[in-house]
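Over in TrEMBL, the protein carries these features:
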DOMAIN    21-420  domain 'Major facilitator superfamily (MFS) profile'
TRANSMEM  21-42  transmembrane segment
TRANSMEM  65-83  transmembrane segment
TRANSMEM  90-110  transmembrane segment
TRANSMEM  116-139  transmembrane segment
TRANSMEM  151-172  transmembrane segment
TRANSMEM  178-195  transmembrane segment
TRANSMEM  236-256  transmembrane segment
TRANSMEM  276-298  transmembrane segment
TRANSMEM  305-323  transmembrane segment
TRANSMEM  329-351  transmembrane segment
TRANSMEM  363-383  transmembrane segment
TRANSMEM  395-414  transmembrane segment
């Protein structure tokens, strides 16, 4: 078994970021986001083509195809997260890619609603394993001083996939776009052969039996271990809560922009869903870069997220209350800035990975972002019920959700620990005796600088 060798102190940052683990991870997340957000870009086009135009604005909650995809991501997040800690990060990535590639190609052949919904569910299941596996692998491969740059690169390249998918929707049919996404997945599957497993994962696997023999119960990928210890559960919930606003922005503010908000605001000029996704995710791309670099420069994940959350709330206020009768160009510009400040997504996933030990890291880094994505299901249910049955308009409904999501995010951010520069080479250990479960560091001799 090969473990990473100590890194050369003179090794440049560029050389670190150009190693296969980071580059292939970034490309993998690119394909993941391309496929994940593709439905938002082609939603209206595909439903019209299938004769389901009424579902664009007036369907029941169970007609929301994005929610079907998110349910798949919740289920897949648990399965792939546990699998990643038990079998390895790479095994998770291979399985994830294969499933969502097949699902997207199959989705391109549907002609009715229910097959469409089922394939979105399966695609969501497959897509759920990519981000957590990538972030865990990169965070465990680079040194603690440089891992923030690596995860920033992965996130920035990844979210740009949404821009490409949305722009392609201008020139190819929705069926062709789905096939392109599936084809990119199969190409990525071949590229993944060049990537090696994390050395931290190997050491965690090797030392598990030793800890168990000493009366310390150590399991890899035990999802329920996140809920059996109060302190660990609170850590987990704080990580989830800081990510809630992101999918309010993506799944409600941006995704419903053309169907609900633009008509309600009386926007001057045509507004297209794929262009909304393109400008919004162009903002997310630059925001991911900015938030990642900011956290490295000021040496604080928490302060960076606070800055982005605060600015995002201001832009959200502008979007909801100050855009009556403006031009479509102004509407797109505000959405772009909204996307920029929602661009702390990559940092949010990095923080989640840094909060937990190696034996639970993939479980956390995979389930947390997918549960955040899955929060769109109740958010979309509330928004759809309120607007479809004319209980309230899009703005009051979105305002209630904004107060809820941002309130929880600020509360969690205030109480959670700073993770910048934290040593990640440790296990989450539960004692088999009645003593309180505790976190024990130093799985093996600590190595701060690692390379595959």
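Indices start at 1 and increase along the chain as displayed.
Glycine is no exception: its Cβ is also placed from the backbone N, Cα and C atoms.
All TrEMBL annotations are machine predictions without curation.
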Proximity of the transmembrane segment (178-195) to the transmembrane segment (65-83), 3+ C-beta pairs under 8 angstroms: no
Best-contacting stretch, by C-beta pairs under 8 Å, relative to the transmembrane segment (329-351) and drawn from 151-172, 236-256, 276-298, 363-383: 276-298
Candidates 90-110, 116-139, 236-256, 395-414; stretch with most C-beta pairs under 8 Å toward the transmembrane segment (363-383): 236-256
Confidence summary for the domain 'Major facilitator superfamily (MFS) profile' (21-420), mean pLDDT rounded: 87
Long-range neighbours of the transmembrane segment (65-83), counting only residues six or more past its ends (CB under 8 A): 36, 39-40, 43, 91-92, 95-96, 116-118, 120-129, 132-133, 221-223, 251, 255, 362-367, 369-371, 373-374, 376-377, 380-381
Paired segments the transmembrane segment (305-323) and the transmembrane segment (151-172) in contact, 3+ CB pairs under 8 A: no
For the transmembrane segment (276-298), distant same-chain residues with Cβ under 8 A (at least six beyond the ends): 33, 37, 40-41, 148-149, 151-153, 155-156, 159-160, 162-163, 165-167, 249-250, 254-255, 257-258, 304-305, 307-308, 332-333, 335-347, 350, 420
Residues from the same chain, set at least six apart from the ends of the transmembrane segment (21-42), whose C-beta lies under 8 A from its own: 65-66, 69, 93, 97, 100, 104, 120, 123, 127, 130-131, 134-135, 137-138, 141-142, 150, 153-162, 164-166, 169, 174, 177-178, 181-182, 184-185, 188, 191-192, 194-196, 250-251, 254-255, 273-274, 277-278, 281, 452
Positions on the same chain near the transmembrane segment (116-139), where near means CB under 8 A and six or more residues out: 21-22, 25-26, 28-29, 31-32, 35-36, 39, 46, 50, 65-66, 68-77, 79-81, 83-84, 89-90, 92-93, 95-104, 106-107, 110, 147, 150-151, 154, 158, 195, 197-198, 346, 349-350, 353-354, 361-362, 364-370, 424
